[in-house]
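In what follows, a structure is listed as structure tokens, so that the remarks can point back to it.
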Number of protein chains: 2
Amino acid sequence: MSDADAAVGAEVDVDLDFGDDGLVPAVAQDAETGEVLMLAYATREALSRSLETGRAHYYSRSRDELWEKGATSGHTQELREVRVDCDGDALLYLVDQSGGACHTGYRSCFYRRADGSVVGDQVFDPDDVY
Amino acid sequence: MSDADAAVGAEVDVDLDFGDDGLVPAVAQDAETGEVLMLAYATREALSRSLETGRAHYYSRSRDELWEKGATSGHTQELREVRVDCDGDALLYLVDQSGGACHTGYRSCFYRRADGSVVGDQVFDPDDVY
């Protein structure tokens, strides 16, 4: 069993607060390097599907649908572990990221400082992928 | 100049989307270890105050007020850097955390797996602090 299998089939046994809109923010972090890759949102179903399949799922607020990360781009996130915060209203996905997490081609969506300077690495050309 | 001074006085020169409620999620990450410490929310004012003072500020949705992390507990977050995600609707604060980030006494608010097992370190007794 690889490390990545550890999350598969895990039960949810903490109280979660999905709020009025049914969503919680979910932070994806590279399980090896600790790099914060992205922040998206999850429904209870997205969390369940993530734990069932071992691949990170989110809920797209713009497309209004369940979304498997990488289903289009191939840049999937194999799920190592899901953590829950103290209030049960935020998730942390520890993942093995294939390619880049960001649709812009950067490894992480957090590739810029607030002053606009670029600190991240571009790992693919989005024109080749989307 | 210490590393922590690097964020102080930085200008915001990216487009930010604070949405209808004026809030963006802000993830705090330990600048040294990479540990994700907490997820809270920031207003434009909270971000400005963070950059002005070099100490992490958030907006408390429950108390409905600007909030300097550690003002009560002493467990402040010295701000090293602020990153912005691709869509400009999420922030990443890279911080030097004093004590623990979580009001429960854990170093990180993400001290539990989804199955309830505890993986974090308790670094203070909340009864001594609050």
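Every residue gets a Cβ built from N, Cα and C, even glycine.
Small disclaimer: the values here were computed from a predicted structure and weren't measured.
Annotation source TrEMBL lists Mg(2+) binding site at A:Asp85, A:Asp87, A:Asp89. The Zn(2+) binding site annotation in TrEMBL covers A:Cys86, A:Cys102, A:Cys109. Sequence annotations record features per position, and here TrEMBL assigns domain 'Phosphoribosyl-AMP cyclohydrolase' to A:38-111.
Annotated features taken from TrEMBL, shown on the structure.
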{"residue": "A:Asp85", "record": "Mg(2+) binding site", "DSSP class": "coil"}
{"residue": "A:Cys102", "record": "Zn(2+) binding site", "DSSP class": "coil"}
{"residue": "A:Cys109", "record": "Zn(2+) binding site", "DSSP class": "coil"}
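On the backbone, the CA of A:Cys102 (Zn(2+) binding site) and the CA of A:Asp85 (Mg(2+) binding site) stand 24 Å apart.
Fewest Cβ neighbours within 10 Å among the binding-site residues A:Cys86, A:Cys102: this applies to A:Cys86. Annotated pair A:Asp89 (Mg(2+) binding site) and A:Cys109 (Zn(2+) binding site), C-alpha to C-alpha distance, rounded: 22 Å. Cα separation, A:Cys109 (Zn(2+) binding site) to A:Asp85 (Mg(2+) binding site), rounded: 22 Å. In sequence order, A:Asp17 are the residues near A:Asp87 (Mg(2+) binding site), counting only same-chain partners six or more apart with C-beta under 8 A. As a whole-number mean, the pLDDT of the domain 'Phosphoribosyl-AMP cyclohydrolase' (A:38-111) in this prediction is 97.
The binding-site residues considered are A:Asp85, A:Asp89; of these, A:Asp89 has the fewest other C-beta atoms within 10 angstroms of its C-beta.
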